[in-house]
Amino acid sequence: MDAGSMNSSSNYKSNSRGPLQEQFIQRKSSRENFDRFIPNRSAMDMGYAQSMLTESRTGKENPAISSPSREAYQRKLAEALNMNRTRILAFKNKPPAPVDLYPKDFFSSQTQDKPAKPRRHIPQTSERTLDAPDLVDDYYLNLLDWGSANVLAIALANTVYLWDASTGSTSELETFDDETGPVTSVSWAPDGRHIAIGLNNSEVQLWDSTATKQLRTLRGCHSSRVGSLAWNNNILSTGGMDGCIVNNDVRVRSHIVETYRGHEQEVCGLKWSASGQQLASGGNDNLLHIWDRSVASSQSSTQWLHRLEDHTAAVKALAWCPFQSNLLASGGGGGDRCIKFWNTHTGACLNSVDTGSQVCSLLWNKNERELLSSHGFTQNQLTLWKYPSMVKMAELTGHTSRVLYMAQSPDGCTVASAAGDETLRFWNVFGVPEVAKPAPKAHSEPFAHMNRIR
């Protein structure tokens, strides 16, 4: 082959390989000159891309080319190769509506059924004030009690007076001589008819208030004055200055049933729990004891359930919670000034609040989670607390001396307070009594509301 033909052949080969070689060279240079994450347009087959973009329109724009068999084949091919791109991020059908777990008017109906409770108005002044001349100003005594028959008993020096809250009438029950008196404590029995009276000579007398008659005298319990009394059905517990607590069964001749010894000084606070199982006692020795009848009766009389020593002054104010059986509130004297809350099952102190003044008495609200406390110097006020936050709801002032005694009416709404200023005041602090709802019939017969079944 001559040189010309060889040259032409070599030129042909070089020209025929040119595009691929050129593409290779450019692709190589693109790696050298461009970032590898940026596409290179020269490496793209624009013709193929144009064909893919226009292929979907050929069926509509050129109906003569397409045929039913061709369209069917393309559909099958697309399904087999998962090329049905119209399904991407699209629902086949409309999604079902979400199912509500509650009806739309469920919450609105509940708010309508239970409207917001209006805030109770708490009068800041006493509803009534009575004179109480010769009221003994002694922190360790308990001279006021309100019975279940709606009669208030108050001891003024040597005399016990009864004030009937229903009629507003006052009567004198008994005046004791100087050798026996003065009266150091009063407490109504659960029946609201019989009353126990503790005396300065260590005796306790039982009276029938309706007949104005003395029934019996309990002797031999104490060696000095009886400053605290507490009833538990037929058992009358007495606390004396001698530090002893005596349980008396008033139905039998030998009335002394048990004697608890744990206080070293005068017992000034005594309260039974609503269940009648536990007795709380506070003393001038700054001690608070919890006595359990089963523990004390099965073991020694000195075996208390809990001996609580957190108070730093005399413990007189005691109140069992009406809505939690094992919750007890206690108040300390002038050197302590605290209200403490106790779990009487475990003996744990749940909370302690410094009130700023001597705590003389405590009362729970029977209808709401509230606690009322009476105080001494400097304000001589009654303070209403919200439990358990212990936020002050109201402070009731009017007494000019320490508010030593408080008693609660049978309906739980009115509180009577007696102070060293020799006045007896009545406060409508706990609101109006709620109307009792009729109890539902238990174990009602099926179809009891129907006259007959047909």
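Positions of Cβ are set from backbone N, Cα and C atoms, glycine also.
Feature annotations, reproduced from TrEMBL:
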COMPBIAS  1-16  compositional bias 'Low complexity'
REGION    1-41  region 'Disordered'
DOMAIN    130-427  domain 'CDC20/Fizzy WD40'
REPEAT    176-217  repeat 'WD'
REPEAT    260-301  repeat 'WD'
REPEAT    396-429  repeat 'WD'
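Residues in the repeat 'WD' (396-429) partition by DSSP class (helix H, G, I; strand E, B; coil) as 0 helix, 17 strand, 17 coil. Note on the repeat 'WD' (176-217): DSSP counts are 0 helix, 22 strand, 20 coil. In the predicted structure, the domain 'CDC20/Fizzy WD40' (130-427) carries a mean pLDDT of 96.
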